[in-house]
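S.K.: The structure follows.
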Amino acid sequence: MPMNPDLEKERQGGTFDVEQLTHILDGGRDKTLKRHFLEQEVLKDPVFRGPDTRFLSREELFGELLRKHVAVIKKTQELSIDDINEASTIYSAAMNNNVGPLTLHSVAFVAPLDLMADDEQKKKWLIPAKKYEIIGCYAQTELGHGSFIRGLETRADYDVNTQQFVLNTPTETAIKWWVGGCVAVGDIGPKFGFGGVDNGYLCLNNVRIPRDNLLAKTGKVLEDGTYVKPENPKVVYGSMLGIRAALPKVGAYNLSKAVTIAIRYSCVRHQSEIKPGCGEPQVLDYQTQQHKLFPLLATAYAFHTVGVWMLDFHSTVMNEINEGHYHRLAEDHVLAAGLKAVINWKTHEGIEICRFSCGGHGYSLASSLPVIYVNHVANSTAEGETVILLLQTAVYLMKCVIDLEQGTPLDPSVAYLDQSFSKSEQWCSDVDMHSLLKAIQFRSKKFTEYVSSFVKKELMATGNQQLAFNKHKVILVECAKAHTEAVIMNAFVTKVDEILQSNPSVGKVLSLLCQIYGVTEILAHSGDYIQYEYLRKIDLDNIQDQLFKLYTYIRPEAVLLVDAFDFHDEVLKSILGRYDGQVYENMFKWAKASPFNKQDQGTFRKYIQQLKQAKL
Ligand SMILES: CCCCCCCC/C=C\CCCCCCCCC/C=C/C(=O)SCCNC(=O)CCNC(=O)[C@H](O)C(C)(C)COP(=O)(O)OP(=O)(O)OC[C@H]1O[C@@H](n2cnc3c(N)ncnc32)[C@H](O)[C@@H]1OP(=O)(O)O
Ligand SMILES: Cc1cc2nc3c(=O)[nH]c(=O)nc-3n(C[C@H](O)[C@H](O)[C@H](O)COP(=O)(O)OP(=O)(O)OC[C@H]3O[C@@H](n4cnc5c(N)ncnc54)[C@H](O)[C@@H]3O)c2cc1C
């Protein structure tokens with residue numbers, strides 16, 4: 001199919017090599033080549049062809065995705081794929097923006113076995129689980145409790161005579177609920193999205209399991225019932241930590257898809273007139289459309305950068321823990337908590353902005369933006385609700401203030417809290433990314449000190465830390481967000497500095513995105529900068545001008561920047577986001593193919609006929 005002339009023209013501009021940026025995003029040319037190979041292994045294999053999942057009922061969708069997920073597993077076994085990133089490539093190429101039915105087996109059942117099973121148990125369960133000879137799920141949440149783990153009611157009473165645990169969900173609120181991939185007892189019913197996953201309920205009534213079913217690499221129960229505590233009790237939270245550490249990159253992936261669709265479509269879509277008689281411009285030429293999408297384009301790159309960094313950091317910490325060193329577990333936990341919370345929340349807002357920036361067609365499943373949205377938003381609740389996780393990060397920051405007062409060294413990711421910040425010169429409209437980072441770190445430091453003063457005062461008055469925290473939860477959450485934004489910006493600036501050395505042309509365009517991210521973040525909290533007397537009105541006016549100027553620099557690069565995400569059309573599955581931009585012809589073809597247009601209109605006639613018989 002010929003290329004849409006608008007997109008053809010967009011791809012003749014640009015100042016950087018798209019392919020080199022794709023290699024950077026993938027982690028090197030070899031990784032890109034391997035990803036292309038794996039995608040083609042899926043796209044050329046007829047077993048992965050099937051009905052358009054957007055037209056399927058919930059039951060049909062579950063069945064079709066299960067069929068494809070099994071095919072994904074067979075393909076990874078056939079190709080001897082062990083690497084989770086490579087497995088995810090095959091999975092994503094097959095799932096058409098859905099979450100597959102066996103995802104929880106991989107991310108929430110196999111992972112804890114790997115983390116907490118002893119060698120015997122690994123032989124018994126981890127090896128067959130990795131081969132899908134046993135399929136598992138993660139049944140923690142109950143009808144009455146999800147966030148408050150210490151409030152869970154399920155019981156595991158040890159029967160010393162039989163060396164067994166007797167499992168019970170003693171109350172209705174104890175019923176296990178939301179259990180992804182729980183095909184045993186029952187499905188909890190239709191959901192907002194996640195239609196590919198059968199989230200189940202599980203009632204336990206005197207279910208007996210052997211003593212050695214308790215994963216014993218950390219804590220264990222001896223034959224006489226004595227409980228041997230793990231060296232570090234927090235390791236039992238490790239399986240949640242693993243998924244949280246992975247979710248920032250999942251958020252970046254979903255936002256990158258949405259931005260690709262919205263920016264390509266905004267170049268194809270012509271609407272209204274700027275100068276009468278001069279034709280309808282591309283909607284991406286409107287400043288308002290740029291203001292919707294370019295900060296999100298910058299955000300997608302920022303989130304990808306920090307998502308990769310978080311996975312590397314978490315993997316390092318897990319290796320240290322495997323050698324018995326727990327000193328970075330707390331930092332890992334609060335970084336994963338803050339990044340998972342902020343990135344997934346901002347991503348779901350961003351996908352929604354991408355959807356309505358495409359007008360009516362964004363609302364059609366032909367765009368796939370609704371599909372990406374409803375499957376993504378779960379990540380702001382699942383695996384730790386947003387506020388819950390931000391409070392974890394906030395409590396850690398309050399401890400950092402005490403550490404500072406006591407002269408205890410801080411963890412690297414919060415070292416900036418011990419720095420002094422000053423800004424004397426007036427900002428013009430070309431503030432560099434390092435100065436923007438300093439400002440964002442300054443705000444986080446000031447906010448942390450400000451919140452800590454309130455919490456301390458409350459603690460003095462009540463002597464109860466939980467009460468003190470509970471009274472200031474709103475500003476504690478904002479404090480955690482401010483810190484997390486400092487972590488994101490620091491990762492982005494660090495990566496761009498590195499790329500500026502290795503590939504100046506790519507680095508330059510990324511530094512523009514980094515400035516857009518930083519300026520947008522500062523303008524979103526401009527009141528704080530005035531209140532803390534770090535910025536003046538003139539500074540803010542100048543960086544507002546800078547933002548609009550940056551949009552003009554990014555406008556000719558925008559399509560190339562989303563092309564660099566390198567989503568195959570069959571992976572993106574969006575008519576609005578097609579690489580060739582042939583939207584209208586394919587929208588019409590897709591609509592005509594809808595089963596709704598094929599169904600017998602008998603129903604319509606039957607009921608309308610009743611009206612005609614009535615005396616209107
Ligand atoms: C071939 C096929 C290949 C397939 C490949 C698949 C790839 C797929 C890729 C992409 C597709 C999309 C994937 C999407 C997947 C998403 C699936 C999600 C499914 C959802 C699952 C779930 O939701 S499971 C249930 C999750 N539940 C929670 O998160 C509960 C949240 N609540 C808590 O964590 C705790 O209650 C809370 C931390 C809030 C409170 O803990 P508590 O002990 O009550 O009290 P507290 O004082 O706060 O903490 C004590 C102490 O412990 C520290 N701590 C707390 N948590 C952790 C932790 N996780 N790690 C480490 N430390 C922790 C805390 O800081 C305290 O420390 P101190 O202050 O005492 O020092
Ligand atoms: C798509 C999806 C898949 C899931 N898959 C699984 C799974 O496979 N296995 C599993 O075990 N669970 C699963 N879950 C459950 C998930 O882990 C919980 O929904 C999540 O932990 C939130 O807990 P909750 O539902 O009890 O919400 P609640 O904690 O009841 O939250 C309700 C509201 O109360 C607020 N709140 C609660 N406590 C506090 C507090 N201390 N301070 C301030 N505000 C508070 C929250 O911020 C929120 O606004 C899944 C959920 C979803 C949506």
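Including glycine, each Cβ sits where the backbone N, Cα and C put it.
According to TrEMBL, the record shows the following:
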ACT_SITE  Glu383  active site, proton acceptor
BINDING   Thr141, Gly180  FAD binding site
DOMAIN    17-135  domain 'Acyl-coenzyme A oxidase N-terminal'
DOMAIN    237-398  domain 'Acyl-CoA oxidase C-alpha1'
DOMAIN    432-611  domain 'Acyl-CoA oxidase C-terminal'
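I'm curious about the neighbourhood of these features; can you describe it?
M.R.: Shown in sequence order, Met240, Ile243, Arg244, Leu247, Lys340 are the residues of the chain, 6+ apart in sequence, with a C-beta less than 8 angstroms from the C-beta of Glu383 (active site, proton acceptor). Mapped onto three states, the DSSP output places Glu383 (active site, proton acceptor) in coil.
The Cβ of Gly180 (FAD binding site) has 24 other Cβ atoms within 10 Å, all protein chains considered.
Confidence across the domain 'Acyl-CoA oxidase C-terminal' (432-611), taken as the mean pLDDT and rounded to a whole number, stands at 95.
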S.K.: If you skip the near sequence neighbours and keep only those at least six away, which residues in the chain come within under 8 angstroms of Thr141 (FAD binding site), Cβ to Cβ?
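M.R.: Residues satisfying the criterion: Lys176, Trp177, Trp178, Val179.
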